[in-house]
């Protein structure tokens, strides 16, 4: 075969080997690349690919590897059996048993995901783990695989050994399914305890000595109190979706459950984010935990380009529409995937049409790959999500939505529509998007600017992955300017406002701020105004969203004081309202001047108050009382302003003096002054203790300049600088600390590692988190007094509350005596205690009781007669014939509904008596003579 040129052209059959180089791009990290287990492959046709003059054997190995990858790309591991599937891949190196490896292969897993690769070895070592992973990243298998490996088989000793707590019924069912599939080949017993199921059935399940309990916190605590369960046998505890557990108000239940667990347990906590409440819970319930998170969770991609638009509050909806229409160029109407689905649905024959199960995308052949229109919009509250969803639907876009309190099934459908391409826009809150593993996006729009820099990183981290370009667009109001400046300090990037630097801006390295073009923005705002006038539902949604925004503004975190001061100067500058450099090619110099004039008119603030204007128009003289009052107020304000300016000039003078000293030092270096002879004598290997101290050393050692108060403070200070340990950090450069705080979370010290990973998200409907202050009393209209709000929040309104073992308040209805009544009804004696051997008699009694309780359908009914006028006539006719055949083929006994021919002794005695009476009657002589 002739030599082929070494070019970046696509290989034969359009085969992409990047999948072999980078496993799972969406969750990639800085770990070492996975080692592929070599297996004998079929010999590929020899190809001369001698790029660097290597040996022919190496080239043949590469060709065989590519051929094997190409062959495996066209098959699905879950559909193959036997030795055709790769046995476990990286799972083999984790020391798992053969049954578990076979179950993993049968499940379709070939290579562990990044979160599995990081957590499973640590869990196998017996350490407590706090793992940060989104839904869809394989975290369920990350804690189920080590659990099955540790438990191995069913224990004859009484007591559950594994406990998995999930926030919802759906997630618990999903976890049970994974446990069942990976537990094949073992005799481990697993039970599901969720709300809505029968308590009596769950009593029997817990009495059957299960090994693994998968439950929701509320129902498990109910059973713990009702059955007086002893949890001392539990060795493996998992809090799945822990942040959602606290968000849903399970903090008291988790505290009570945690109190009853033994101290020698292994505790795992998996969460999408790490709020402060969860950090406190982990410190209290986990022993020296290890924080594991991926680098993609904490870094902004260098390929991400950020754009910040300065807008007014009344123009936010119009700005969003302008970005979608003019910047992203998003089309309206149904998407290509929706049209393809409709065409495939219309082309099918009705007779051969088979109903597709929800979530089965094979019939449509969707590809969860991003398009240039895939956009996610972040809003503050769920009311904003509803409002924006209705507004964008009215504009003709294909939209999906999700928020925290949305039903689990509805949220799954909405997110799946976005992943499959049935919608181009997904409107979400931070709480809802926190645990969703969304594929790589093209654009992210921050409709409401985040209150923390880490939330911004969490939002935009979903785009610009795997070497792809991505854009983020943020709408910044005047009130959001301090938060934007905090973000700029956090990222350590240059701030560019308007066109002050001309065309020399880099959206990937700078924080570039500017306004939208006035013409397009005005058109979009007019359309929004028209829609609000015509659509009463959308108008009411906007009113509700406005009320929710007021509450959101009161509860969000405050920006730093320095950023708030800087924001006043930034917002008041002319460049704040200048057209963004992104629109450089959209207008001439005349158009720019027009934009500046309109911006000045829009930002005009009169110098006179309403009192002065009113008096001047009515021709009144200056001696009026209102004018005198305004003059006195203005004089006071001017005096304070001058005093503040003098203080700023003094601080600038001090800074100039310090910078001048640095400049002199730099000049000395530049002039090439010769060093002293003593310095030349110092060898390279000897440390130079007399070298110039760094700024950080000076900052730690010496206090900063504080004007004239320094002498007074030092004289009155009681601190001995040699022995005194301050409670504040020695470094006061908060911006530098924050910037360096974004690092990988594999530190051994959980306190230090969690400090950079902690991120509090405001609830999208005011949900209370763990250990947050709350209103303890409320006004009862009926009894005309204040009553405790505790009963309203824990779902036990109108019931008594009692103290649990940990001191937390729980509903007294948890101890209702239903378990004792059930045990007496089943005629069960003393229940075995934890640590005792389970008795076969108890298992037999439980199985018998369960069989006796469950109704078994034994009655057979004849099918309905076939109707010739119905479409299922042939089907019903066959059913009837089959039922007749079953009746005729029964051997022994009567047909269904027939009378039994077996007679009892009473029946025989009665029959004999009647027969004797008939005989006596017939034996009488005839009356006729």
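Cβ from N, Cα, C; glycine included.
Record features, source Swiss-Prot:
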REGION    1-48  region 'Disordered'
COMPBIAS  20-35  compositional bias 'Polar residues'
DOMAIN    120-292  domain 'Helicase ATP-binding'
MOTIF     240-243  motif 'DEAD box'
REGION    334-358  region 'Disordered'
COMPBIAS  339-349  compositional bias 'Basic and acidic residues'
DOMAIN    358-513  domain 'Helicase C-terminal'
COMPBIAS  639-652  compositional bias 'Basic and acidic residues'
REGION    639-691  region 'Disordered'
COMPBIAS  666-683  compositional bias 'Acidic residues'
REGION    853-929  region 'Disordered'
COMPBIAS  858-884  compositional bias 'Basic and acidic residues'
COMPBIAS  900-910  compositional bias 'Basic and acidic residues'
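Note on the compositional bias 'Basic and acidic residues' (858-884): DSSP counts are 12 helix, 0 strand, 15 coil.
Sequence-remote contacts of a segment are chain residues at least 6 beyond its ends whose Cβ falls under 8 Å from one of its Cβ atoms, and for the motif 'DEAD box' (240-243) they are 135, 139-140, 143, 164-167, 171, 175, 269-275, 278, 281, 434-435.
Across the motif 'DEAD box' (240-243), the model assigns an average pLDDT of 83.
Taking DSSP states H, G and I as helix and E and B as strand, the compositional bias 'Basic and acidic residues' (639-652) has 14 helix, 0 strand, 0 coil.
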